[in-house]
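Structure first, commentary second.
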């Protein structure tokens, strides 16, 4: 990583962080020997769980390994003066009731909605004085159709119907996100009370079926087929298909030709912000500001959050019930229940005494698919990139496309598939798929005047290189240079604008953020690891084989993304169990 000041851009001193970032919160009253509930990990789901439990009167403590809260939803000043959303970088999926219930606006959350939201520049020679074409999509359907018509009149006419079709599927899936999956084990073998409770979990499924109606078989195909098959049924132009397909493969070690890739696309279109379906935006101050707002909501009601307090072990009594945790320094903290925001692998294979868990359960956890294609590169630049397809304004101020997700090497679905095949051979993609975002285009607080922060979400990248070779600094820099070379073709001068960079390969994402294999979802969002089967079959309702232990992170239903649903749902399940103790 290099840092230097150039042009209009001046690096400034690091700014202070909130209290729970500078040190742990013992100064707020100290660590107590006992709480009603302990949450392992201060990722956004863990913070959401703590906030709900505390509001329900459950005295809750959160223990975070790192010096900063938020997990992957964090803001870090890696280069002085530049504040990066170091891992997660966009917001849309956070459940609307969490905004309301936790009063996040009251606790400082501010959003910048993006419109337009998608920009795909072409690599083609302009005819005469014409610049290369680009595809710019936003909330104005008429303008979207005009943009798409550059490539296909037919696709322009069909696009509103496609959007309506996907919107209906998102509406059907929506109720499933806010409740535990159907508890088939309780339904088949539980007590009468357990069976009655499990019947209530069928309601979201029945509601989804009613919404989809006679179109259910067609929607089933969307969830199970390769996204290329789905998109080919709608469209003919590659720039549009490839742009849409990026949402089906982002964060997933899959090709657009992989069966089931359609669900990941749906996962990225079913969100919304401030009542706008499908809207995505930037959090003012970076993603860490969201985590700060949730933490503020939790602590205002009495929750305790401790940083640099690593949980080493879940404590179990002689009757096989959870009774608290042991910290890395040997401190014992008793509790009636433990909610783990860490991955299923860390929770069950590292923190929980193995003798208390069924062998088959442990085997299934160890077999979870955690492959990740992602390398995240955070870049400080001294000016905005100027794309051949959309040159910068004379004074260098942000233009509409700068606020978008900018898709590079994405003009054709074949490019996406070829990038995937490289990784399957143990090689970094020759032409990586790049999603480039510039949050400082809407939030100038993230960088010094005249400067910007650039988020590069790139794939595909194997965890281990061909021949079993591990990542080292030379390989890491070589890959980042390749990514920069690709950007340079679309936006000449980009490389010269770079002030510094932070390169996070899959092993780095695993080491720093605890993401298994670097997987941003904790484990793959494939159909065999969703709903009934997340993290494993018969244990998808946040409860674990060990009484009093709950999974509340992205490895639980409904999965990854900055959604908060797993934390909220797990908190409600745990609270119901606590009342019945």
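Keep in mind that glycine also has a Cβ here, set from the backbone N, Cα and C atoms.
Listed in Swiss-Prot for this protein:
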{"type": "BINDING", "residues": "38-71", "note": "FAD binding site"}
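Close to residue 53 (FAD binding site) in the fold, though at least 6 residues off in sequence, lie 36, 37, 39, 60, 303, 339, 571, 574, 575, each with a CB less than 8 Å from its CB.
Cβ-based crowding with a 10 Å cutoff singles out 48 as the top-ranked of the binding-site residues 38, 48, 58, 68.
Secondary structure at residue 43 (FAD binding site), taken from DSSP and collapsed to helix, strand or coil, is strand. Using a 10 Å radius centred on the Cβ of residue 63 (FAD binding site) and all shown protein chains, the other Cβ atoms total 26.
Sequence-distant contacts of residue 43 (FAD binding site), defined by Cβ-Cβ distance under 8 angstroms and a gap of at least six in the same chain, are 70, 71, 72, 73, 291, 341, 553. Under the DSSP three-state reduction, residue 53 (FAD binding site) is assigned to helix.
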